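**Student:** According to Swiss-Prot, the protein has these features:
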- LYS91: active site, charge relay system (ACT_SITE)
- SER165: active site, charge relay system (ACT_SITE)
- SER189: active site, acyl-ester intermediate (ACT_SITE)
Amino acid sequence: MNDRAPHPERSGRVTPDHLTDLASYQAAYAAGTDAADVISDLYARIKEDGENPIWISLLPLESALAMLADAQQRKDKGEALPLFGIPFGVKDNIDVAGLPTTAGCTGFARTPRQHAFVVQRLVDAGAIPIGKTNLDQFATGLNGTRTPFGIPRCVFNENYVSGGSSSGSAVAVANGTVPFSLGTDTAGSGRIPAAFNNLVGLKPTKGLFSGSGLVPAARSLDCISVLAHTVDDALAVARVAAGYDADDAFSRKAGAAALTEKSWPRRFNFGVPAAEHRQFFGDAEAEALFNKAVRKLEEMGGTCISFDYTPFRQAAELLYAGPWVAERLAAIESLADEHPEVLHPVVRDIILSAKRMSAVDTFNGIYRLADLVRAAESTWEKIDVMLLPTAPTIYTVEDMLADPVRLNSNLGFYTNFVNLMDLSAIAVPAGFRTNGLPFGVTFIGRAFEDGAIASLGKAFVEHDLAKGNAATAAPPKDTVAIAVVGAHLSDQPLNHQLTESGGKLRATTRTAPGYALYALRDATPAKPGMLRDQNAVGSIEVEIWDLPVAGFGAFVSEIPAPLGIGTITLEDGSHVKGFLCEPHAIETALDITHYGGWRAYLAAQ
């Protein structure tokens, strides 16, 4: 489930149930919310979830609070901590001091004494790594099922895969537990789960983030990645995480420009694979949503340039069918030789296939890749950015387990070449199928164009919302966007609470499919309650208001049960804070979902 209803015992104060992105955490802390209470409540909520395969291990609460206290002391001394009090998840192939690093394999587990380089940079900025997240074993997979720790599932429909290999990291963000997580992305392991859970997945240029403290999958290609709800959050985290590491031979020096946002010209060229080279494996709705994304980018001033996808596809095939699979064996060779029984059967077969490779195969692969990179140059001479589906389709867990190699390979159709060709990429939401499953696209740029493509991805996600009110194409700085659905709508009884707090109406839009709306019993004034229901048909009308950060915490703290603030997904795939209802309150409420909104229901009375 993507959206959490507020906990009944915690309504009335700002808790993790109200906090979904960096802005909401920062607004709450600025308004006086105690960060220790937020972290403690977060642990309580994880405990309530019970046996959830998101997490492999958790940092003890006492350790998290001690880390927070240290950050508070540094903050009180005037140190700038841009991520103060922000909890995050860490994929369990990245070291967190004191927690076992398993890489999804109990027989591999070891406990490091120090954080990975990137984790340490985030901790230095005040963030709190609360635990290690589930993954496809040794980051070998794009589906999330290759793990002995239970299978994380798509938050929109638990019958479907979450995507991988950064499965737990994606689900931890998508279900609202943490505002961001670290994943990794060698073949698409950060982008695929982002698409399947309606998130942003930022895959930086190789070497922009240090790999020190990362269990290698393919060391020459590995990238630590960021999963978040918004492009702004992904960039904010990336700017902290990025940095040259002299102890990592694959770390690269890059100027601040690599993560600097770019104002795109009114006219630009974007490349898409020629129609005959596109593949959706029978998923007609994914194909339609990609075509819609192309039209949207044209509305934004882009000129669509079709290109020959052949060299990119052939490069992608080298990742597992070529000598680069030997890098996976190099990372765990002694374990694979001495204790092959501890490996997941599918992962074992993939990694041990490297034993068939020779040194000659390796050099032939290097030569072949160089030829393909040269062949791709003619495409890059014509385009400013590439637009691809993040994944051609999505599969059920049952289907993936029945055909794990072929279906997993299908998922990487548009992702596997990116690191081999030294490119940057960011995956963003791009709408929903009629069954409520999300679809995503990826913007791909040259090396160190991370900030530029992120800017375009952000504009893409916000485009539909901007059309709702052309005068406000993006939220003003120092505001938090909040979706209202009932008594806070324009001309409704509680709208004054927004206007008196300095709120400004930005747009009228609709939620993504899969929300139910109920008229609450004995509510004064009359108001509805909305919650996520994957069986609900249609969408719900909402207004988006921009509320000053200074007033956000106070506004939230006055919301009475059974309502609270959680994450709401809009019809364009973007996320905002918005009103959600505790599930128990609908037991005596009237289902008014079929009206499509509160105003339509009132008009019918």
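Here the Cβ of each residue, glycine as well, is placed from N, Cα and C on the backbone.
Distances, neighbours, how buried they are, the whole picture for these features please.
**Tutor:** LYS91 (active site, charge relay system) falls within a strand segment according to DSSP. Counting only same-chain residues at least 6 apart in sequence, those with a Cβ under 8 Å from the Cβ of LYS91 (active site, charge relay system) are LYS132, THR133, LEU135, ALA139, SER165, SER166, GLY168, SER169, SER181, LEU182, GLY183, THR184.
Secondary structure from DSSP puts SER189 (active site, acyl-ester intermediate) in coil. Residues within less than 8 Å, Cβ to Cβ, of SER189 (active site, acyl-ester intermediate) and separated from it by at least 6 positions along the same chain comprise ASP136, ALA139, GLY141, LEU142, GLY164, SER165, SER166, GLY183, ALA217, SER225.
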**Student:** Neighbour count, 10 Å Cβ-Cβ cut-off, for SER165 (active site, charge relay system): what number do you get?
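**Tutor:** By my count, 35.
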